[in-house]
Amino acid sequence: AAHGARKMEGYGRFLALLASALLVGFVSVILCLVWVFQYREGLSWDGSPGEFNWHPVLIITGFVFIQGIAIIVYRLPWTWKCSKLLMKFIHAGLNTIAMILAIVSMVAAFDFHNAKNIPNMYSLHSWIGLTAVIFYSLQLFLGFAVFLLPFAPVHLRAALMPIHVYSGLTIFATVIATALMGITEKLIFALQNPAYSESPPEATLVNCLGLLLVIFGSLILWMASRPHWKRPPEENAKILRPIGATAEGTEVESTMTNSSNTDKSDLRSNTEAARKQNIKFDEAGQRSTM
């Protein structure tokens, strides 16, 4: 019972974090739209500043918010009974949408610059942003080739999984850093009268948007880096079912069922042991896709 309660508590904590992340991400998108429509020239596609405005809107919607959701999609506990392949398609699909939106948003920025004879690719923001997009597309391509298509050998998946995870989290963090640079640059350019330094309402609004992006990123990275919220290995999904849910079961399950007289910490170490035992099979993605 104590084990079940602990699991429910962990589940509740996860749901609270997930709800917070979704709220903060959603509010970020709304604030960006308020910025663009209230203080800038809205949205258009005609070489005017309204075309440039697609750039922040699509980056925050796609490259920050949707990418963040894509990162934690395997961790949603109610999907643990879904096939891993379905979750891979959702993960890949969300990342593909984010990629498309990021590319459209870059086209908008370049298009606007060219229409207004503003030089391209001189700022640190543009260098790091383009680098992030290039690495993101490589990551997406390799993810499809290695983890989604059924051709890659198990040992290759095992070797590449930690790199894939590290790269994904690093690119995500870099995108947020780049968004903060872009926001700062835009405010310094755009706010002339009154100046940024005089803290007009637009400056305060957009500074708050930047804060929300940092909070969103830190929530996603926290959820993505907790080992106990990892999707359990498929071979052992049984272990996580409520006790007594299945007649047949693993050794661990029967230990759990007959544990009324066992020490609780014993029970915990049993489940942990079973988990660790399977980490080498699952963590590295050592399972065929199909």
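From the backbone N, Cα and C atoms, a Cβ is placed for every residue, glycine too.
What TrEMBL lists as compositional bias 'Polar residues' is 252-262.
As annotated by TrEMBL, compositional bias 'Basic and acidic residues' applies to 263-290.
Taken from TrEMBL, the feature domain 'Cytochrome b561' covers 20-225.
Look at TrEMBL and you will find 248-290 tagged as region 'Disordered'.
Under 8 Å from some Cβ of the transmembrane segment (14-37) lie the Cβ atoms of residues 43, 53, 56-57, 60-61, 64-65, 68-69, 72, 75-77, 202, 205-206, 208-209, 212-213, 215-216, 219-220, 222-223, 229, all in the same chain and six or more residues away from its ends. Look at TrEMBL and you will find 14-37 (among others) tagged as transmembrane segment.
The transmembrane segment annotation in TrEMBL covers 57-77 (among others).
Residues or ranges marked as transmembrane segment in TrEMBL: 89-110 (among others). Among residues of the same chain six or more beyond the transmembrane segment (89-110), those with a C-beta under 8 A of the stretch's C-beta atoms are 45, 51-59, 61-63, 66-67, 69-70, 73-74, 120, 129-130, 133, 136-137, 140, 143-144, 148.
Within the same chain, residues 63, 88-89, 92, 95-96, 98-99, 102-103, 106, 121, 157, 160-161, 164, 167-168, 171, 174-175, 178, 285, 288-290 sit at least 6 positions outside the transmembrane segment (130-151) and bring their C-beta atoms closer than 8 Å to a C-beta of that stretch. The transmembrane segment annotation in TrEMBL covers 130-151 (among others).
Long-range contacts of the transmembrane segment (163-183) within the same chain, counting only residues at least 6 positions beyond its ends with a Cβ under 8 Å from a Cβ of the stretch, are 55-56, 59-60, 63-64, 67-68, 71, 123-125, 128-129, 131-132, 135-136, 139, 142-143, 146-147, 206, 209-210, 213-214, 216-217, 220-221, 224-225. Marked as transmembrane segment by TrEMBL: 163-183 (among others).
Residues or ranges marked as transmembrane segment in TrEMBL: 203-224 (among others).
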